[in-house]
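J.: Have a look at this one.
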Amino acid sequence: MATQQQQSAIKGAKVLMVGAGGIGCELLKTLALSGFEDIHIIDMDTIEVSNLNRQFLFRRSHVGQSKAKVARDAVLRFRPNINIRSYHANVKNPEFDVDFFKQFDVVLNGLDNLDARRHVNRLCLAADVPLVESGTTGFLGQVTVHIKGKTECYECQTKPAPKTYPVCTITSTPTKFVHCIVWAKDLLFAKLFGDKNQDNDLNVRSNNSASSSKETEDVFERSEDEDIEQYGRKIYDHVFGSNIEAALSNEETWKNRRRPRPIYSKDVLPESLTQQNGSTQNCSVTDGDLMVSAMPSLGLKNPQELWGLTQNSLVFIEALKLFFAKRKKEIGHLTFDKDDQLAVEFVTAAANIRAESFGIPLHSLFEAKGIAGNIVHAVATTNAIIAGLIVIEAIKVLKKDVDKFRMTYCLEHPSKKLLLMPIEPYEPNPACYVCSETPLVLEINTRKSKLRDLVDKIVKTKLGMNLPLIMHGNSLLYEVGDDLDDIMVANYNANLEKYLSELPSPILNGSILTVEDLQQELSCKINVKHRFFSEILNPVLNSVWFLIILPSTFPKLFHFTESRNQDGLSLDIILGFSNVTIRRVLTMFETGRRLTHPLLILFCHREEFDEEKEPEGMVLSGWTPSPATNGESASTSNNENPVDVTESSSGSEPASKKRRLSETEASNHKKETENVESEDDDIMEVENPMMVSKKKIRVE
């Protein structure tokens, strides 16, 4: 039972919720029933049919409407006396600035992507407002508390490559291939070959309620005398053509997004496919055989080959024809199986056609099968548990019970007989570039990299800045904003196409850049290190190690040793004789000619990194290591052995002894897999405690 003090704190609190999806619906309900009376909600998404099975505040009549607005209206029906304000907008919009965040006592996150989470984290730091972060994936979940100066911020620990991928509004605005896979697998395949009575988002073509649902249903119904190929073309034109055109009618949706391209079969396929192949007649497989395939008749043999739009369209039609010709008895009862060759071919083709429409890179059958076979569906119960934990931590924040703050993990299997694992929050990471003043180090080829590379790949992608400003000394090299005149915009755009060493204020080895984001009120320093060796040695450093020995006949040798890290390579050079200069040795490597000097031994060892190889030889470092106070190794080696992970269920251990607790047991980390979240709301950032102390970050 809450004390009078708790009730007063709850009643008078002004709370900001970011996200009104799976966690958000549960959270808003729990906040309202717990006594909170002033709640603001931000969410840019609209309601989809696929949301209805777990986002209980929404009904079928709400499909296409704002999640934030409908959630508000639903809660006000049973708590009419409280104040709830909704915003159907992107939290990164300029109106949600630091001053906007300062009005709240606590911010509660139920977001689905890293970019938005980082943005909210920085605004909370700038506004000095506590943040309660959360996420779920399947049966796993986590809730963390972030208080400026007292606990680590959301970005104090580096986030490993995502093991789960959020599928944001897969039916309307896909941005990744996995979104297209989920659409093809859970919507289109299920609609055509699964339970006909199960509603999904393909039943709704637009937000126009005047459109006939019966007309839409008729598209998916095949009459007995309808030619299979014509039926396939009808489905093709509906889902890839008319549905896309209907989506384009909503101008607000595409205001800041790339507009998709409607695709019709007549523009891609020949008039008739009957003469092109006769697979439905010549196929000798038995009815129901999972190995029936559309590929042989189309001359497609390699599953790792990337199909173009025409090939994907042919596979789409041919696979659909084979389902009706060879597996008709199964239609109406089929579910996707990654071992069903024809199902995988159909889903791959459909996903690739949709990806082509939305400007997303295509994938091979082999790649698509791997993605489609690792779908992790959302669990409503996990969302409810996490929402309750968020409210518990929010109440502690309002009471300022710092000693009682907990980071809580919801586990799939009991650990020490517990499914909920609470631990004390971590101290701020002194090496964090977001909540501390740690300078960054950027190793880059200043003569071959342009300012655009720095802005796009480092400042925006890696540092997550939205409105960056870049200064070198007193020279302003780049800035964005609505208040710039045309001349300034032209000058900054011209700078983007210049190499770093050729800018008005050249960026060279040893240059120190100041990078700021005025919207996030974030500023950091970047020390630039020019990567000279990568210009010449990269082409020859292809093997793991090699040894070159030249004739050694001269006395009085001296040794010069150079150890560097270049593109993941530890390089040791031992030179003999004083007149063997570095330049002459490099000339030998470039031309292939042997020098007449006594000795050259070159040892090369490739280091292993968890992140993907960076483009253009850029490496950003200086902010990724965990603080020594949390027990992480301070070694600079990337090949260090993994540190042991200590779990604490009671939170009684000192902060200096704790480790990052994984959401899953250590045994579950033995096999690295990529999980794909099939829903569109509340994705948990799975953090591997064995990987948080890496020194280098590879630029994606």
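Quick reminder: no glycine exception, Cβ is built from N, Cα and C everywhere.
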J.: By the record in Swiss-Prot, which of S633, S650, S678 is the one labelled phosphoserine?
T.: S678
J.: Do me a favour and check the Cα-Cα span between C156 (Zn(2+) binding site) and D115 (ATP binding site); whole Å is fine.
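T.: Approximately 15 Å lies between the Cα of C156 (Zn(2+) binding site) and that of D115 (ATP binding site).
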J.: Taking 10 A as the limit, how many CB atoms besides its own sit near the CB of N53 (ATP binding site)?
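T.: A count of 12.
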J.: Least buried of the binding-site residues D43, D112, D115, going by other Cβ atoms within 10 Å?
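T.: Checked D43, D112, D115; of these binding-site residues, fewest Cβ neighbours within 10 Å: D115.
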J.: I'd like the Cβ neighbour count for C435 (Zn(2+) binding site), meaning other Cβ atoms within 10 Å of its Cβ, all protein chains included.
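T.: The Cβ of C435 (Zn(2+) binding site) has 22 Cβ neighbours within 10 Å.
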J.: Give the helix, strand or coil assignment DSSP yields for N53 (ATP binding site).
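T.: Once the DSSP labels are grouped into three classes, N53 (ATP binding site) ends up as coil.
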J.: Roughly how many Å separate the Cα of G19 (ATP binding site) from that of C153 (Zn(2+) binding site), to the nearest whole number?
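T.: G19 (ATP binding site) to C153 (Zn(2+) binding site), Cα-Cα distance: 19 Å.
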